[in-house]
Every structure is written in structure tokens, then in C-alpha cells.
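Down below is the structure, laid out as C-alpha cells.
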Amino acid sequence: MANQLKTVLLLGVLTGLFLAIGHLVAGKQGMIIAFVVALFMNFFSYFFSDKVALAMYGAREIMYEEAPWLHEMVEDLAKRAGIPKPKIYLAPIAVPNAFATGRDPNHAAVAVTSGILQILDKDELRGVLAHELGHVKNRDILISSIAATIGGAISMLANMAYYTAFLGGNDRENNNPIASIIGSIILFIVAPLAATLIQMAISRSREFVADEAGAKISGCPLCLANALRRLEEIAHNPQIQEIASQEINPGTAHMMIVNPLSGDFIMKLFSTHPPTEERIRRLEELARKMQPGYGF
């Protein structure tokens, strides 16, 4: 519940930032234009991102005859989650990972890499798939699309401020054009940065929500915790990092269950995933709470 509230608050802050910058830069009319353009830009992303992401990794649908145990696992988890069974895809890449895509539970797909099928045991894989179904159940693709729409509109407004200042369109009631240009440059840099940081924070909060949802769907928080621990250890392997840099598109890293790309402290500010240690700690705490007799 706390992470759900955090998501709502962050979306509110992002919206407030957009309204404030829009009114400051272009007034009501310019603000509406920027929002509409950003909305159309993300319309394609919302409806077709699943096909783009799957094609990007050369993923193919896994038929029931190929892996009946995997289909039965996903079908059981989907029933427990109360959603339709999604299609299952295999991404032929060595980096162990998984992701979900699709705009709603009726148009969803889960993808596993060949690497993750080789690394995890069935209990751990079940935990991972439950996490991905948690994303589907919670409509996280829709939430990220809303955040991207507002963030995109903010970036467009910042660009408008930058070019308007240099073209002299901001001269009305302005006796200090130098200050206007400096202010526009600052806005051009800071506004998109602030919007991006908020979008990343929303993404991190959704990972916590999906972890909890997945743990409850599978009934085994420790299965997911063990999988995350193993995947995180592998992600720090220099050889795997080299493979990830070649196989993983940074633009889709946010979709993965763990961030396959390494980075320093600054990069972590822009990370779409919370620290894996914190995710594991929360799952272990949830496992204790789910034990019979807890709190009595």
C-alpha cells in the first residue's frame, strides 16, 4: 500500500511540475499543445511496445508442446493472480533475465531468456514469473506510459523555452533578455532531469509492488528472493556484464526483473530498479509475516 501511495504521489508531483513549467513557459495554449503531442508520441509506445520489445530480442513464442511444464506453471500462476494466461516467449540471449510486456492483462506476454532457464531451478523460476505477472496484474505498463507522457511533455516545454529565448519570442514584458536566456538554459537542463528522476522513482516503486504481488501469487516470497540473489550475483560477473553490454538494449533495461547493466552511484540515481539487497530484505520480511501464527 505504501508503494502504491508513493506511485500516486510521484505521478502527482510529475503532473504538478508539468503544469507549473507549462504555464511559465507557454501559457495554457502551449501547455496543451505540448501535452497532446507527447500523448500521441506515447500512444504508439502503449499499444505496440510489446511487439517492439519482443522483436528487439528476437523472441519467439514457446508452444505448449515444447515446454508443457512451463505453460502449466504460468497457467497456474495466472489463475492464482486472477488474470488470463499470457503468451510465453523465449528470448535467445545468454544473460539470465525475464520481463513482461503488453498494455493490459488481456494483451500480455512474459518473456524468459535462454540464460535464465539454464540458471534458475523451477521454484526460483516460478518466483520470477509470479513477479512478472504481478506487473501485468497491476497494469504497470499503463502507469509507465502515463509517466512517460507527462515526462515527454515536460521535455518538450523545456525545449520550447530554450528556443523561444534565443529567438526572442520571450521579449514580452522582459527588460532583461540575458537573464531570460540564462533562465531558459537552466530550465532546459533541470526540467527534463527532474522529470526523469521522478519517472525512475515511479519505476522503482513499481518493482517493490510487483515483488510483493508476485510473492503472494506464488505463495513463496523466498523463491523470488533466492532468484533475485542469484541473478544479482551473476549480473556482477565481468563476463556476463560484457555479454549484457552487447545483448541488452539500455532502453529496455527497465523491463527486466533485475537491471542487467552495471553502473556507478550517479547511474543508480537514474536506475529503474531499487537495490536488490533491499528487495530481498523485504521479501524475507514478507515470508516471516506469511508464516502461520505470525504476530500471535
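Using N, Cα and C of the backbone, Cβ positions are placed for all residues, glycine too.
Swiss-Prot annotations:
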- 7-27: transmembrane segment (TRANSMEM)
- 29-49: transmembrane segment (TRANSMEM)
- His131, His135, Glu207: Zn(2+) binding site (BINDING)
- Glu132: active site (ACT_SITE)
- 141-161: transmembrane segment (TRANSMEM)
- 178-198: transmembrane segment (TRANSMEM)
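What Swiss-Prot annotates, mapped onto the structure for a quick look.
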residue: His131; record: Zn(2+) binding site; Cβ neighbours (10 Å): 29
residue: Glu132; record: active site; Cβ neighbours (10 Å): 27
residue: His135; record: Zn(2+) binding site; Cβ neighbours (10 Å): 26
residue: Glu207; record: Zn(2+) binding site; Cβ neighbours (10 Å): 24
What three-state secondary structure does DSSP assign to Glu207 (Zn(2+) binding site)?
helix
List the Cα distance (Å, whole number) between Glu207 (Zn(2+) binding site) and Glu132 (active site).
10
Give the sequence-ordered set of same-chain residues, not counting His131, His135, Glu207, with Cβ within 8 Å of the centre of the Cβ atoms defining the Zn(2+) site.
Ala100, Glu132, Gly134, Asp140, Arg206, Val209, Ala210, Asp211, Ala213, Gly214, Ile257
